[in-house]
Amino acid sequence: MKNGKKVHDSQLSDRIANYVFYAIALVICLILAALLIYILVAGLPHVSWHFLTSPAKSFQAGGGIGIQLFNSFYLLVLTMIISIPISLGAGIWLSEYAKKNWLTDVIRTSIEILSSLPSVVVGLFGFILFVLEFNLGFSLLSGALALTIFSLPLLTTNVENALQSIHFTQREAGLALGLSRIETVWKIVIPAALPNILTGIILASGRVFGEAAALIYTAGQSAPRLNFGNWNIFDLSSPLSPFRPAETLAVHIWKVNSEGLVPDAALVSAGASAVLVLTVLIFNFAARYLGNRLYQRMTGGQN
Amino acid sequence: MDPIRESLLKTSKKTRRERRGRIITFACILLIVVMVAALLLFVTFKGLATFFVNHVNPISFLFGTNWNPGQKNPQLGALPMFLGSILVTIFSAIVATPFAIGAATFMTEISPRTGKKFLQPVMELLVGIPSVVYGFIGLTVFVPLMRNLFGGSGFGILTATLVLFVMVLPTITSMTTDALNSVPRNYRESSLALGATRFQTIYKVVWRSATPGIMTAVVFGMSRAFGEALAVQMVIGNAALMPHSLISPASTLTSILTMGIGNSVMGTLENNALWSLALLLLLMSLLFNMLVRWIGRRSSLK
């Protein structure tokens, strides 16, 4: 070497590898940036108050996503109402009562299987069980139940991990004060784990919000007109009725693209995608922000 | 009875509350287990109807190459979409794995701070983007791009692979990151102390000892890719033909399922055949699951 320093092969490969790793990280960031920019640039110009509030059109251009947007949020609320209590109970059992035996093994395996099942399969199961057997028809309720199956493993594991991360001294303190085990969990451990549980719930909400495959055969692919002045939950034209068919935003994007009956399908789905992605982004940031805020407030510490 | 004696003999309020709590939480977990069992049973029974009610030969179902379930002389060969599913899964795993390992290594070994600050949130966002949006992007960006680059319609396995690559990347990356993080610190220190460079340490020590974890991550990613429905369905072209090139329209199990099941009548042969595809999908998902457990068990023996 000219300057007297000998560069070993190993040092050279180290340097090259370094560049390669940086390049990979950069490429991935670029992919995401390109995705986001594309979605927002293609979609946002189409998003207007009219687009967000007016009903969709089946065969003409100019339809909005008002009902679909409402359906998505309402379905999310219904799903969470059903799945949060169940996952809370299941998570508590797993973290507090589960012994190391065959039963726990079976339970953990079931949850693992459930979390790895394709969402189409979950949707089809929801179709036979809720739509046909329980005779709920294509309805918000069928959809919410199917989405519950979809989100339960996610939420349960999250609750279990959140509870597990609370130090055992807190439990001991509760028990020493004469509380029963369940009271200790309810009054001491859960409040302490709340930030983590909440973060998990919001992140799961993001996934539920964008889920479509499990909904095609359960919540249906049509969005009948709603009468927003009608608050009778048993009336099918009421937005609050859980028994009406409800196409969500994600299903709408899929449908207009695969059926191709709407002339402005590309524009509608670009706008709808932008709304969907923005909502999921908001969910993500909210999870992070709220988690940190709650953590600081409840522990008084800095995170 | 005297109240003190009574309070000593009867179960206390706390115990009763504790029992009730225990029962309620157990009921929740039981509900999940029952649901999984019901799901497996229902799909299995519906899926087997083709073979037991319609007496289709399972071998010809698996290996037949023609799929015309709605015709007078129905042909039920699921091989084209099975092969399609397997191909997109394998290709997307092949493309995504190097990126995932690279990104995970970057986050754990090269620059943990930048990794946590930028790459981690990027991965979380990639997970968060709904699959229909990926499908839509595939449809509006990749399909025309492939059409211009390679000719043809632009729909096909290659486009599906690209879309799936972005979708499984975060799954594989985050699990690989966990695997690399669980490699004990002193392994790296010993290696560096022996005079190895950082890359030699990564290559010869960290990756080697994290191999089971990385394999699990890849299998998990493949499992996701295999089961992904809508995004693939939007870009693959949905032609139930034997895939003969990467850029010609093909199909996957999920794409034929989502397209077909709404258009067929319950109980007909066509519908039963679709349920058999769902069963096949379920079995593959269980297979991936078992593979993950098997890798885990083998590595924990050491």
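Yeah, the Cβs are placed from backbone N, Cα and C, and that goes for glycine too.
Heads up, TrEMBL stuff is auto-annotated, nobody curated it.
Keep in mind the model is a prediction, meaning the values are calculated, not measured.
Marked as domain 'ABC transmembrane type-1' by TrEMBL: A:69-287. Among the features that TrEMBL reports, transmembrane segment is placed at A:20-41, A:73-94, A:106-130, A:136-155, A:188-209, A:265-287.
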What same-chain residues lie close to the transmembrane segment (A:265-287): Cβ under 8 Å, and 6 or more beyond its ends? 36, 39-40, 42-44, 46-47, 51-52, 56, 61, 63, 65, 68-69, 198-199, 202-203, 205-206, 209-210, 249-250, 252-253, 256-257
When counting C-beta pairs under 8 angstroms to the transmembrane segment (A:73-94), the leading stretch of A:20-41, A:106-130, A:136-155 is A:136-155
Using a Cβ cut-off of under 8 Å, list the residues of the same chain at least 6 residues beyond the transmembrane segment (A:106-130) that approach it. 94, 98, 136, 141-143, 145-146, 149-150, 152-154, 156-157, 211, 213-218
By Cβ distance under 8 Å, which residues at least 6 away from the ends of the transmembrane segment (A:188-209) in the same chain are close to it? 72-73, 75-76, 79-80, 84, 88, 92, 147, 150-151, 154-155, 158-159, 161-163, 165-166, 170-171, 173-174, 179, 249-250, 276, 279-280, 283-284, 286-288, 290-292, 294-295, 298
